Amino acid sequence: MAKLGVNIDHVATIRQARGGVEPDPVAAAAIAEFAGADGITVHLREDRRHIQDRDLRLLRQTVKTKLNLEMAATDEMVGIALSVKPDMCTLVPERRQELTTEGGLDVRVGMQALADAIGRLQDGGIVVSLFIDPDADQVKASSKVGADYIEIHTGTFAEAREWKKEQAELERIENAIKLGTKLGLGINAGHGLNYTNVRKVAALGGIEEFNIGHSIISRAVFTGLDRAVRDMVDLVKYA
């Protein structure tokens with residue numbers, strides 16, 4: 001049975017739009033856990049556009065399930081992670097001009113630097129995942145640099161508007177799951193998943209945890225966060 005990690009970045013996005021103190025992502029995390037989330041995910045970006053350092057430190061004190069920190073593999077972020085000690089760090093690519101993470105890491109570029117960052121985090125007792133496209137070369141490279149997990153980027157699947165394209169992406173995801181499992185990697189997935197499409201990916205099997213944020217926060221505007229999380233839990237766990 002797959003788990004659900006709720007990404008609460010966009011609670012902070014709303015807060016930062018007015019430069020105030022609400023809505024509070026720490027309170028959102030508590031509600032999400034109460035509603036059945038298996039973990040909380042936040043992305044501390046280098047430009048601090050939504051989640052702030054203070055949020056991360058408070059979440060480490062309050063999250064009762066699992067805290068997953070998405071971050072770039074920079075010296076600054078590795079240092080913060082080693083100080084805060086999230087349960088997992090998911091290393092992601094990051095560009096200042098992007099609205100959201102647009103694709104997976106190219107693990108093959110700068111493998112030694114990435115391996116060094118992974119080693120430092122693991123030496124600090126932190127499980128490390130790499131956010132990658134469903135590509136065999138990226139899966140193999142993730143294993144070579146010593147990652148514990150991969151998180152498969154499902155954005156291309158989610159954006160597919162034709163049945164043939166969707167099926168092709170599902171096949172790529174399934175192949176990445178099988179290869180990652182064969183190589184001893186844990187498998188997570190996320191990006192662009194919503195209440196309409198998540199079951200198609202969950203039905204493939206082999207995915208330990210889905211990290212979903214935008215669609216849950218969007219639904220929460222109309223239904224409340226508790227209901228939005230419970231609805232997604234049902235889809236992920238009982239696909």
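In case you wondered, yes, glycine gets a Cβ from its N, Cα and C as well.
According to Swiss-Prot, the protein carries these features:
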type: ACT_SITE; residues: H43; note: active site, proton acceptor
type: ACT_SITE; residues: E70; note: active site, proton acceptor
type: ACT_SITE; residues: H191; note: active site, proton donor
type: BINDING; residues: N7, R18, G192, G213, H214; note: 3-amino-2-oxopropyl phosphate binding site
type: BINDING; residues: D9, H10, R45, H50, T100; note: 1-deoxy-D-xylulose 5-phosphate binding site
type: SITE; residues: E151; note: site 'Transition state stabilizer'
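Locations of recorded Swiss-Prot features on the structure.
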| residue | record | Cβ neighbours (10 Å) |
| --- | --- | --- |
| N7 | 3-amino-2-oxopropyl phosphate binding site | 24 |
| D9 | 1-deoxy-D-xylulose 5-phosphate binding site | 21 |
| H10 | 1-deoxy-D-xylulose 5-phosphate binding site | 21 |
| H43 | active site, proton acceptor | 23 |
| R45 | 1-deoxy-D-xylulose 5-phosphate binding site | 19 |
| H50 | 1-deoxy-D-xylulose 5-phosphate binding site | 21 |
| E70 | active site, proton acceptor | 26 |
| E151 | site 'Transition state stabilizer' | 32 |
| G192 | 3-amino-2-oxopropyl phosphate binding site | 18 |
| G213 | 3-amino-2-oxopropyl phosphate binding site | 22 |
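Here the recorded positions are R18, H191, H214, and the one with the most other Cβ atoms within 10 Å of its Cβ is H191. When the record's 3-amino-2-oxopropyl phosphate-binding residues N7, R18, G192, G213, H214 are compared pairwise by CA position, the greatest distance found is 26 Å. For the recorded positions H43, R45, H50, E70, E151, a Cα to Cα distance of within 10 angstroms from H214 (3-amino-2-oxopropyl phosphate binding site) holds for none. Here is what falls inside 10 Å of the CA of G213 (3-amino-2-oxopropyl phosphate binding site) among the recorded positions D9, H10, E151: D9, H10. Secondary structure at E70 (active site, proton acceptor), as computed by DSSP, is strand. DSSP assigns E151 (site 'Transition state stabilizer') to a strand in the three-state reduction. Considering only the recorded positions R18, H50, E70, E151, G192, the residues lying within 10 A of H43 (active site, proton acceptor) on a C-alpha to C-alpha basis are H50, E70. Distance from the CA of R45 (1-deoxy-D-xylulose 5-phosphate binding site) to the CA of E70 (active site, proton acceptor) is 8 Å.
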